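Report on the structure given below.
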Amino acid sequence: MKEEYMMQKTDIGVIGLAVMGRSLALNMADHGFKVGGYNRSREVTDALVKEHPHDNLVPFYDLETLVASQERPRRFLIMVKAGKPVDMVIDQLVLLLDKGDMILDGGNSFFEDTRRREKRLKAEGIYYFGTGVSGGEHGARFGPSIMPGGEESAYRHIAPVLEAVAAKAQGEPCCAYMGPDGAGHYVKMVHNGIEYADMQLIAEAYLLLKYAGNYTNEELADLFEEWNEGELKSYLIEITARIFREADDYAEGELVDHILDSAGQKGTGRWTSLESLKQGVNVSMITAACNARIMSNRIAERNAAKALIKEAAKQPAADKKAFGESVRKGLYTAKIVAYAQGFDLLRHASSEYGWDLNYGRIASIFRAGCIIQAQFLDDITKAFENDSELSNLMLDSYFLEGINSGKGSLQSILCLGIQNGIPLPAMSQAEAYIDAFRGTPTGANLIQAQRDCFGAHTYERTDREGVFHHDWGQDNE
Ligand code: 6PG
């Protein structure tokens, strides 16, 4: 066996053959690339070639032989757990590589780690590409959305492989060069943040329909299927419609009703939220989605408080069908805000890190393959094609129309939801963001006065330039 694989030449090496690594390796093999597969524990490699034998997939059991199987410049895709394991693989690999070789990290690595690794490897003449990959197992196997970032001049060496395996939207690959060093992983991080907000909004729409609209699972499935024919058409709406119909294996009824009301998170949403505060950008809906998951995890406390805090009196929606339509419009309006916030963060990061991100291109590679893929992304692409410097997505004429025509629905479903005691953190943040954004008073005049009163922090005026301090009386002494 060893002799046999040692003779094989390969086009690319995939290091780490767990679910995502093996799916991408098979995807590359399907597209005619000779792939060398390596995993730290040989059982994983053996299991892959046994379960998925493929002429273009060659197993390797040591990195030296894997490296020797390629012509220069060599290409390696690391698909191991983000964090220390990535550094460990790099440390081993770098000893075997030559100048001009390329390493891609396809995991959900933190962009600051990617920037550090890129800098380190650049000093050794090795190109490092932090490569966001979205689409889960199915996407990786049959066409993910891919966000590579690194040295632009070397991108042409990896582009043929990445663009071949990526999903296609209207015939175009959902893969494009994002920018230098950490740009690819940053875009993937914000993609995930938007994914959190999108999922939370859908969950809130579900709560409204179920508890204020009295929709059954079957009615929910029908409604979501209908929604998936219109402006909300997306992967997440499509799978949600299917989820409502799924029968339970263990008990009567649908599975969704037997799943614990508590959701975990691996951290990319939280990173987006933390990073937004660093950049001074408001991504309140992504933060709300993180907080909603955090609240959901407090199961014991929530159960105890249930008996202590009074429940709101139920006020069902008067007209079920009309309410369903209001929820659809409110959801769509809030979704525009979530994407406006996500792209605002990208815009600030681009200038902060000197990346020159192309927002239209980013939206276009989200059109297929990734978790947030949606018809809506076509409209975002168009918005940035019309104005590459668009400061906020809500100001594009198409989305402005969406906000103006849907805002009333968002307000009405929020009112009814709040009266029914339904927590709607992301939708509430959407409404608050629109209201603050459109210049209605935020109360910051009073906050300025308080700061000046207790700390002499000064204040600015509406009627003249400059900063002022007022003597507020003895309590501020
Ligand atoms: C993707 C997803 C993926 C993510 C999962 C779970 O784009 O394919 O974003 O990268 O890991 O969706 O994320 P959480 O555990 O943080 O919800």
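Each position is counted from 1, following the chain as shown.
Yeah, the Cβs are placed from backbone N, Cα and C, and that goes for glycine too.
For the NADP(+) site that TrEMBL gives as GLY16, LEU17, ALA18, VAL19, MET20, GLY21, ASN39, ARG40, SER41, VAL80, LYS81, ALA82, the extra residue drawn from ASN56, ASN108, ASN192 is ASN108. Going through LYS233, LYS266, LYS321, LYS329 against TrEMBL, the one listed in the substrate site together with ASN108, SER134, GLY135, GLY136, HIS191, ASN192, TYR196, ARG293, ARG451, HIS457 turns out to be LYS266. With a cut-off of under 6 Å between the Cβ and any atom of ligand 1, the recorded positions LYS81, ASN108, GLY135, GLU195, ARG293 reduce to ASN108, GLY135, GLU195. Take the CB of GLY16 (NADP(+) binding site) and look out to 10 A: across all protein chains shown you find 25 other CB atoms. The maximal spread of the NADP(+) binding site, taken as the longest Cα to Cα distance among GLY16, LEU17, ALA18, VAL19, MET20, GLY21, ASN39, ARG40, SER41, VAL80, LYS81, ALA82, ASN108, is 22 Å. Figure note: comparing Cβ neighbours within 10 Å for the recorded positions LYS81, LYS188, ARG293, HIS457, the maximum is reached by LYS188. Counting only the Cα atoms, the space from HIS191 (substrate binding site) to LYS81 (NADP(+) binding site) is about 19 angstrom.
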